[in-house]
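Submitted below is the structure of interest, expressed as structure tokens.
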Amino acid sequence: MENKSARAKVQAFGGFLTAMVIPNIGAFIAWGFITALFIPTGWLPNEHFAKIVGPMITYLLPVMIGSTGGHLVGGKRGAVMGGIGTIGVIVGAEIPMFLGSMIMGPLGGLVIKYVDKALEKRIPAGFEMVINNFSLGIAGMLLCLLGFEVIGPAVLIANTFVKECIEALVHAGYLPLLSVINEPAKVLFLNNAIDQGVYYPLGMQQASVNGKSIFFMVASNPGPGLGLLLAFTLFGKGMSKRSAPGAMIIHFLGGIHELYFPYVLMKPLTIIAMIAGGMSGTWMFNLLDGGLVAGPSPGSIFAYLALTPKGSFLATIAGVTVGTLVSFAITSLILKMEKTVETESEDEFAQSANAVKAMKQEGAFSLSRVKRIAFVCDAGMGSSAMGATTFRKRLEKAGLAIEVKHYAIENVPADADIVVTHASLEGRVKRVTDKPLILINNYIGDPKLDTLFNQLTAEHKH
């Protein structure tokens, strides 16, 4: 239980970091394109346009993250506080302050939240606007100074330490060893904590100097996942074999890596294939001096190629290809050694049916009254979006007017009638909603989704 609790806490932390970064990914990609095109080594070198690169990464992007983090904690006033506090850590720093913005944003939201709570019942009538504006201004000033004098220098020291440790791995040729951490963490849905918390800030820092960074590639390579799913397509059995082709296409082209996680959890030995694929891909990226100009989100092959700078396409394609081949070879060997026949047993379908039918018991609501279904995942962007789209289309074809949308765990709507989420996220989802849960292992081919669909169509026909 303690391990599950610790994992849930790390997932929640990663989800919070993601909620700060994901809404601003478009700005990061815009900066990446400007960098790839107009810096001296870019596709269309232009000294005039290249002047935009520095201010964007130094001021705009960190302030956007800080403002978003403040909004998550303290609403609109928190967003303002987060932006003010972030400027404090930016000024005087020699590096882009992404780690600092991820601290100052939520801290600013928290500070103004407590300030507003303390003043709430003490404001005389008619003075609300004056006191609210001045309280935010004074608190913002103090937070900005704190960031400038204390938090900024502390973050700079921590950032330098982490950067030097990872760069030491790079220079020693040990960078591929990061896959030993990355791959197991990813299948436990901790990928957001790693990407947004460590690699993205380091990658942006390196890209601002070199025009590209390998840090954007060490945990996002779509090759190993492609190799694993290809092996299941050819050598898997039962449901895993039938669902793998669709998952493979969406993973590689759509960039939703969560699709291969259930396959690894189902056959834990295949984590060896993922680690080996990740290590070999990273080794190839490093060998050929590969790198991307910004973080690929989602991590599809299209995003990889679009963010590959001039002169690095061979490294990108080679790293993805090698990761695919190694993962495919090892996964195929593991599946061929597997002697048990994997089929969907009647018990499994019975459990799926019972999970849905339980909602129809006395005291529970009727499925005929279901109007909104929420598909939920960590970030609310990738796997849940795909699952919601697929399920919504099935319902539309059946003529059912049921709203199906996707959400991050923290944003599950109060008026959702049913919540669908991955089984590994059950604990976190239960903490934010008491709605009936459908726990699945695959967002597009899970038997429980088929059972839910059949039950809904049967109920709505009556």
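Here the Cβ of each residue, glycine as well, is placed from N, Cα and C on the backbone.
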Using Swiss-Prot as the source, do Asn159 and Gly399 end up on the same side of the membrane?
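No, opposite sides.
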Looking at the ranges 25-46, 399-420, which is given as transmembrane segment in Swiss-Prot?
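Going through 25-46, 399-420 one by one, Swiss-Prot gives transmembrane segment for 25-46.
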Between 51-71, 72-92, 240-260, I'd like to know which one Swiss-Prot lists as transmembrane segment.
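So the range that Swiss-Prot calls transmembrane segment is 51-71.
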What is the average pLDDT across the topological domain 'Periplasmic' (157-165)?
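Reported value for the topological domain 'Periplasmic' (157-165) is a mean pLDDT of 80.
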Reported in the order helix, strand, coil, what are the DSSP residue counts of the topological domain 'Periplasmic' (157-165)?
9 helix, 0 strand, 0 coil
Show which residues of the chain containing Cys377 (phosphocysteine), separated from it by at least 6 in sequence, have their CB under 8 Å from its CB.
Glu258, Ser383, Ser384, Gly387, His406, Ala408, Ile409, Thr421, His422, Leu425, Tyr443
Give me the stretch from 166-186, 274-293, 314-335 with the greatest number of Cβ pairs under 8 Å to the transmembrane segment (25-46).
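Answer, by Cβ pair count: 274-293.
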